Amino acid sequence: MTEYLIRRTLQSVLILLLITVVTFILIHAAPGGPKQIYLSPNLSQAAAKVQEHNLGLDRPLPVQYVNWIGDLLRGDLGYTFKNHIPVGEIIWPTVGHTLVLMGAAWLLTLLIALPWGIYNSTSEYGLSDQTASFIAYIGFAMPTFWFGIILQELFALKWNLLPLSDMWTMGKEGQIGDLLLHLMLPVTVLTIGFLASYVKYARSSMLEVLDQDYIRTARAKGLGEGRVVFRHALRNALIPIITVLGLDLPVLVAGAALTENVFNWPGMGRLFVQMAVAREYSVLMAITLLTAVFVIVGNFVADLLYALVDPRVKLSRKGGAAA
Amino acid sequence: MSPSTAPVRAAGERARADRRPPGLWQAGWRQFSRNRFAVAGLAIMAVFVIASLTARWIAPYDPTRIDMMFPNLPPGTGDHLLGTDELGRDIFSRLLYSSQVSLLVGFSVAIASVAIGTLIGAVSGYFGGWLDTCFMRLVDVMNAIPLLFLNILILAIFGSEFSYMILVMTFTGWMGVARLVRGTFLQLREMQYVEAARAIGVSDAGIIFRHLLRNASAPIIVNATLMVGYAILGESALSYLGLGVQVPQTSWGLMLSNAQEFMLVDPLQAVYPGLCILLVVLAVNFVGDGLRDAMDPRKQAAIARRGWGRWRRNSSKFGN
């Protein structure tokens, strides 16, 4: 186990390091390079030289890279180009907002999807099962942002039931009730998007387990169906779902980004798009790295949990490719 | 028995006389055409493809023609089948021209990324070793950044041009196929026919392209079909965010972001482009699922199950 832990940690760190290299190269591959990005075109040639030197852009690339990594490790994410605000100051509040939105959607999805999937596995091809596959097909083909717009038109504009967008009503910042009202529509959009696949995972994972010999044994020795499903099958069926949860993190983050833009939710995804339009590269790089860390930690934890709960997992497996 | 079936039977007997079992494609088509959803998907796809190819002739108006005298007309006013948008542009014509963009992006991204993914997957699956390690680490790296973020980042750096968008989406879309092909190749390269081919001196390239790739073609084609849907969704998302297709070109995503601004005035404008995306992607996915069932020889036994049961079974394999 310790060996696995060490190997997996090293692997995560390596990938993270590679991601920093890729982002660094991307910025330096931009037309005109970082000089174009960090230096104002209005500067005189002499001033530009000074500025270039101050920012360290005249040093060789490897040195610049090492300096950048050093800054990152010290928690210094750089400054915005326009107003020279520390990037961290802009990013950290939005991270919290995104986590609120994502967390709510994720929790709701699990609360609905797990029982639904389990139920569907016990009544294959029933009405509820078919409804789930119908939602799956629609959910996979529907642009989430379109669904968001339609919900806005119906619930906010036509029936005037829920707030149209944003996180708080003006003057009501910090009130939980107001936040919950604002969460309703975006969480619905995200949940519909995730729901289908989780119901499907829960169902197929349960079906696989229900097919096993030890379930037949349990039934044969006269256990009630409820006990068989919940005590014997469910525990093992949950194992693959854990992995899926970890692997789905990037999808969750990206899905939240679109939804945030539709509902003007002040999260990381909306900030990312705004900064992309404004070409604030330091913020873009910081958010990219942050989401990458998030995803890698998520996968790491999922793998670890998997190895913990399932003794059959070969701990010496080569490479990071999960199954 | 009507006389018209006679030539068909004759052809069938001739085929039997040749003692040739139906090939992959023939058997596949037979099975594909039995799947109602797949055929419906194919029909919808055909309608959209034809509409986009003939947009120049069937669109009643120039999609970019601004007519400030008649903004936000409701559907069915005058010759405006679906009304006009906030600048008086004909919505139906814009939908038609948008389908060109979406389908072009969808197909070119799917083909290009599947080609790259197949090549990388094939090379790393067949040769293994450090090459495999390098490619798979690259896949890990790319997978650790949400695709949408990566697309936005690159488009922000290099600028939002149409050709860039296709390149960028290709660059960020090949990983799934690469993993799939690598996995298949890892299994297939241990087969005896590979050993036999090597024994008679077939080169590595020959083994990869002539022997292994053919046997791995079914999942690759299915994946390519599904990629079309993903690419169309991705394009619409990028355009909606203002980083994809730029004015004066139009795309469904761009139309949606316009419609959102004017949804107080005319809520219906937001419905059409979204419905188009939904229909096309749904159709592509149906076709992909139909192909998956049709081209998998192990699934032959399952033909008997029809209709909803079949749909359900398809969807349970979706997205693996």
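Cβ atoms are placed via backbone N, Cα and C, with glycine included.
Heads up, TrEMBL stuff is auto-annotated, nobody curated it.
Per TrEMBL, the feature domain 'ABC transmembrane type-1' maps to A:95-302.
For the transmembrane segment (A:12-30), same-chain residues at least 6 beyond its ends with a Cβ under 8 Å from one of its own Cβ atoms are 36-37, 61, 65, 68-69, 72, 281, 285, 288-289, 292-293, 296-297, 299-300, 320. Taken from TrEMBL, the feature transmembrane segment covers A:12-30 (among others).
The transmembrane segment feature in TrEMBL is assigned to A:90-114 (among others).
Per TrEMBL, transmembrane segment is recorded for A:134-159 (among others). For the transmembrane segment (A:134-159), the residues of the chain that approach it from at least six positions outside its boundaries are 165, 184-186, 188-190, 192-193, 195-197, 199-200, 255, 258-259, 261-263, judged by C-beta separation under 8 angstroms.
Positions annotated as transmembrane segment by TrEMBL: A:179-199 (among others). With a threshold of 8 Å between CB atoms, the same-chain residues lying at least 6 positions outside the transmembrane segment (A:179-199) that come near it are 100-102, 104-106, 108-110, 112-114, 116-117, 120, 132-133, 135-140, 144, 147-148, 151-152, 155-156, 162-163, 166-169, 241, 244, 248, 252, 255-256, 259-260, 262-263, 265.
Feature annotation from TrEMBL assigns transmembrane segment to A:237-263 (among others).
Listed as Cβ neighbours of the transmembrane segment (A:283-309) (distance under 8 Å, sequence separation of 6 or more from its ends, same chain) are residues 1, 4-5, 8-9, 12, 15-16, 19-20, 23, 27, 72, 77-78, 80, 87-88, 90-91, 95, 238-239, 242-243, 245-247, 249-250, 253, 268, 271-272, 275-276, 315, 322. Per TrEMBL, transmembrane segment is recorded for A:283-309 (among others).
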Q) Going along the chain, which residues at least six beyond the ends of the transmembrane segment (A:90-114) come within the CB cut-off of under 8 Å? A) 77, 80, 167, 179, 183, 186-187, 190-191, 194-195, 198-199, 201-202, 241, 252-253, 256, 259-260, 265-271, 283, 286-287, 290
